[in-house]
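Here is what Swiss-Prot records for this protein:
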type: BINDING; residues: ARG98, LYS99, LYS102, HIS104, GLU128, ASP129, VAL130, THR131, THR132, THR133, GLY134, GLY135, SER136; note: 5-phospho-alpha-D-ribose 1-diphosphate binding site
type: BINDING; residues: THR132, ARG160; note: orotate binding site
Amino acid sequence: MSKSASRARLLEIIRRRSFGRGEVTLASGRKSDFYFNLKPTMMDPEGATLLAELTYEALKDEGFDYIGGLEMGAVPLAGAIAQISWIKGHPIAAFFVRKKPKEHGAKLAIEGLTRDETLAGKRIVVVEDVTTTGGSAMKAVETLREAGANVSLVFTMVDREEGAAETFAAAGLPFRALYKAREFL
């Protein structure tokens, strides 16, 4: 399937499985009359594959060492993208950032790394399923920067176009999206 056909097919899947109308309160606290819940698309075999392939194709030539983001939305994305990257012969390792470090066990804020593995100095792309203001992704960025990571890009599946670009620009971060909310409205 061509890139444009894959993109059109994924848009259909997101529209059917993950887009809805009706008043909701977003993670940002804002009210909206439409919403995206990408989890049904991320858990669908075709949807997960298309999300991973299209994201991998958008990122493969940029030299990222790791891909990940804030739990929960980034977990299935990062895992699927890492798998596709291995299959395509250009592996990008995955991780995720906990909203709050575990209070037991290793008490980690960043999961997916071995004990002797570090993100310090590594080129990182932070991925997110849906971005509104950018606040959730910035939590991951802050944790990663504290760990010494070089966060080089924030990449979202759907940008609601409600301030995220400005948030990331103010933090000196490039921001890209697979889709814009207006494509579904």
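Backbone N, Cα and C define each Cβ position, glycine as well.
Spread of the 5-phospho-alpha-D-ribose 1-diphosphate binding residues is 32 Å (greatest Cα-Cα distance among ARG98, LYS99, LYS102, HIS104, GLU128, ASP129, VAL130, THR131, THR132, THR133, GLY134, GLY135, SER136). If you measure from the Cα atom of ARG160 (orotate binding site) to that of VAL130 (5-phospho-alpha-D-ribose 1-diphosphate binding site), you get 7 Å.
Under the DSSP three-state reduction, VAL130 (5-phospho-alpha-D-ribose 1-diphosphate binding site) is assigned to strand. DSSP assigns LYS102 (5-phospho-alpha-D-ribose 1-diphosphate binding site) to coil in the three-state reduction, outside any helix or strand. Cβ neighbours of LYS102 (5-phospho-alpha-D-ribose 1-diphosphate binding site) (same chain, under 8 Å, six or more residues apart in sequence): LEU108. A simple way to gauge crowding: the CB of THR132 (5-phospho-alpha-D-ribose 1-diphosphate binding site) has 25 other CB atoms within 10 angstroms, across all the protein chains here. In the shown protein chains, 25 other C-beta atoms lie within 10 A of the C-beta of GLU128 (5-phospho-alpha-D-ribose 1-diphosphate binding site). Here the Cβ of ARG98 (5-phospho-alpha-D-ribose 1-diphosphate binding site) has 16 other Cβ atoms within 10 Å, regardless of which shown protein chain they belong to.
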